[in-house]
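According to TrEMBL, the feature domain 'Myosin motor' maps to 9-674. Under the heading ATP binding site, TrEMBL lists 102, 103, 104, 105, 106, 107, 108, 109. According to TrEMBL, the region 'Actin-binding' annotation covers 551-573. Annotated domain 'TH1' per TrEMBL: 791-932, in sequence order.
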């Protein structure tokens with residue numbers, strides 16, 4: 001049965017308003033907000049008002065209420081739109097996306113989180129481990145991105161400083177198998193990142209000490225500039241949650257540590273101050289340079305040089321130009337911004353490397369589909385240029401479908417925003433083009449020059465003006481302001497800072513500094529730093545161009561998916577759960593084009609379905625269509641059904657679809673269907689339930705009796721047989737190794753594995769309990785050898801005793817010299833015992849062979865000269881030995897691999913019988929030593 005809200009909560013769908021006007025729209029929105037109903041529909045669009053309080057409407061019970069339901073069956077909710085997108089993806093095999101828009105503080109980030117949680121909650125009913133892992137990583141990625149990309153601002157406690165678009169990939173069963181995250185429009189200034197506060201207040205003291213940091217946020221200039229350092233957030237718990245999330249996703253300990261080092265470097269950079277001594281610019285607090293050097297794993301002099309000088313290449317000449325204090329401060333801030341941007345983009349890239357779908361073959365696994373979730377901060381800017389295009393698209397799609405189906409269309413007037421789009425984006429004439437052109441000019445370019453360029457090219461544009469073009473307009477300042485007349489009203493812009501922000505220049509010296517870091521993670525973030533000073537590089541794209549390209553890429557991505565919309569509204573600026581500021585909300589409604597959306601819905605039909613699909617769902621309502629109709633066509637059957645229900649006035653009949661104007665009609669149809677389905681089910685149950693239950697009971701009871709008896713018989717038989725075969729195992733020569741195990745029944749297979757494991761442990765313990773410590777060491781070495789080389793070499797020497805120190809046996813004439821040298825080495829290097837020694841033939845890089853000796857102790861590998869009383873020629877610490885390679889043939893060739901790649905290649909030799917191989921002994925001895 002469909003659930004409907006009482007009219008005391010207002011209209012749940014703005015399409016149902018008696019009169020479509022701004023006054024009625026706002027009155028209904030305010031009433032629902034005051035009654036605690038923060039969601040309202042406009043057809044299939046959800047309007048969400050930020051409640052500024054916790055609401056108990058997102059739990060498991062609520063998920064179950066919306067799971068699998070049609071959009072109109074439950075009161076408005078985010079879960080309804082999420083379920084509609086999921087059903088469209090799963091049933092019709094379509095890629096879908098959910099576009100969440102609204103100004104900062106309207107609740108977009110929270111909405112995207114709830115949508116993700118809902119999708120995770122309704123998928124993978126069989127609890128498959130791999131799907132659960134993917135779901136967990138997708139949710140954990142939200143936690144990490146929110147920490148590094150969200151901030152506390154004047155307008156919002158949880159403000160996204162970047163646009164996030166996440167594609168969630170699903171297999172043919174509708175279970176998530178991976179995803180991909182795209183970030184847009186990252187804001188790099190003017191906020192206090194969550195992760196910074198979490199790091200300062202939640203990190204352990206040992207970590208802060210390693211980062212040269214203190215817990216007091218006011219000690220850092222960048223935080224004081226960003227403001228809002230007081231927080232009610234539990235930073236300690238949040239810091240741990242983010243660290244755990246990064247670990248779950250797959251970040252290594254070195255990568256996490258590097259991220260913290262970059263954040264610490266940014267904070268320390270903000271505290272750097274510059275002064276002047278005569279004509280020389282210098283750093284006033286030089287101790288911070290040493291701190292930054294340590295955090296960046298580079299040289300102190302390189303840090304200081306990059307901060308105070310700029311290297312300029314003019315042809316073949318390289319000039320070091322000293323910064324002024326202003327230029328040094330600009331470079332410092334640009335470095336901090338760039339490091340944060342690279343860190344965030346690197347985090348997104350690492351997450352994508354882990355969560356992206358891999359090894360998926362559509363021919364084997366079936367087609368995978370996508371649900372996209374878009375959450376962009378400051379989306380009102382994006383809406384300035386794109387909302388009318390979306391409205392145009394909706395109108396065009398509606399008109400085309402109505403024309404195909406032969407349904408009359410009512411014309412709707414609306415503001416065409418294309419003129420504003422051209423004003424901003426048009427090549428050669430638009431604001432972005434003028435801004436980029438100004439930034440490319442040679443010489444000193446100022447914001448005033450940029451404004452002059454706008455005045456020159458846009459002087460005759462009806463939607464642009466400035467004080468120069470309107471001298472009597474005192475609301476605009478000379479050489480500073482210009483105004484754009486948007487569809488939602490006039491907006492004044494100040495050009496102050498436009499040029500610097502658009503250039504966003506980072507000196508190449510900083511890129512080389514960071515690329516030359518000994519930290520491989522940090523080095524990998526700056527690949528362009530490897531370019532030489534004189535190498536010519538392309539001019540980096542400006543911020544305006546990057547912004548425009550991001551928008552184009554985003555719109556192209558959304559255009560290939562079936563869209564669903566969530567429009568978020570911020571009710572007030574003081575974050576009050578009780579205050580509804582009428583004028584502020586009205587402006588947002590105009591900004592988001594919500595009233596135009598209502599008019600489009602009212603002018604058309606809220607719902608449409610093909611005739612076969614409509615009949616399949618509602619045919620039980622009418623006696624003329626149940627169980628099957630005998631009318632000439634499905635269209636005639638649908639007409640008869642709707643006429644019988646009294647809805648003929650609220651529908652239109654197209655060529656292949658029936659169009660329903662208002663949700664009221666759907667509500668009524670759903671109520672009648674639910675009532676009839678219940679009666680039909682009861683009738684079927686009456687006929688079949690008793691018979692099926694009795695048959696099932698008799699069969700199950702008989703099967704259970706037989707199964708229990710047979711299972712007991714098989715278990716007892718197996719236990720008796722095991723007992724019989726292993727009864728005298730202690731007195732057997734091989735302690736029962738020759739005894740064949742009986743085949744267990746299926747139910748005891750795990751028991752048999754455990755029993756075999758117990759027996760094997762007992763057998764092994766029985767064999768080795770009488771061994772001496774020296775014999776035990778040799779056994780361990782032989783086992784290690786067997787594990788490493790079994791099947792690789794014909795003879796491993798396992799059947800003989802391993803002596804280890806062969807130099808004394810192979811060279812009795814020089815044994816005394818060797819003994820003296822080894823004793824001296826033991827005194828010097830403090831080794832405990834000799835693992836292996838042997839005469840060898842050494843092959844150098846010029847393929848020349850020489851007689852040498854090898855001595856391996858528990859601490860070093862020594863190369864000796866036997867012709868010089870075993871004088872040590874080279875000592876390699878064992879921890880520098882990364883591996884040993886041997887050949888599969890009968891030769892005695894051995895290669896010792898080292899960390900510095902200066903491998904030692906030797907061939908074992910000496911008084912070796914034909915059947916004696918020392919390769920296995922060498923490998924086994926080393927492996928068993930390292931395992932200990």
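The backbone N, Cα and C atoms fix where each Cβ goes, glycine too.
Automatic, uncurated: that is what TrEMBL annotation is.
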Can you count helix, strand and coil residues in the region 'Actin-binding' (551-573) using DSSP?
9 helix, 8 strand, 6 coil
Look at the binding-site residues 108, 109 and tell me which residue has the greatest number of other C-beta atoms within 10 angstroms of its C-beta.
108
On the 0 to 100 scale, where does the mean pLDDT of the region 'Actin-binding' (551-573) fall?
85
Cβ neighbours within 10 Å, counted over all protein chains: which one of the binding-site residues 102, 107 has the most?
102
By a 10 Å Cβ neighbour count, the lowest-scoring of the binding-site residues 103, 104, 105, 106 is 104
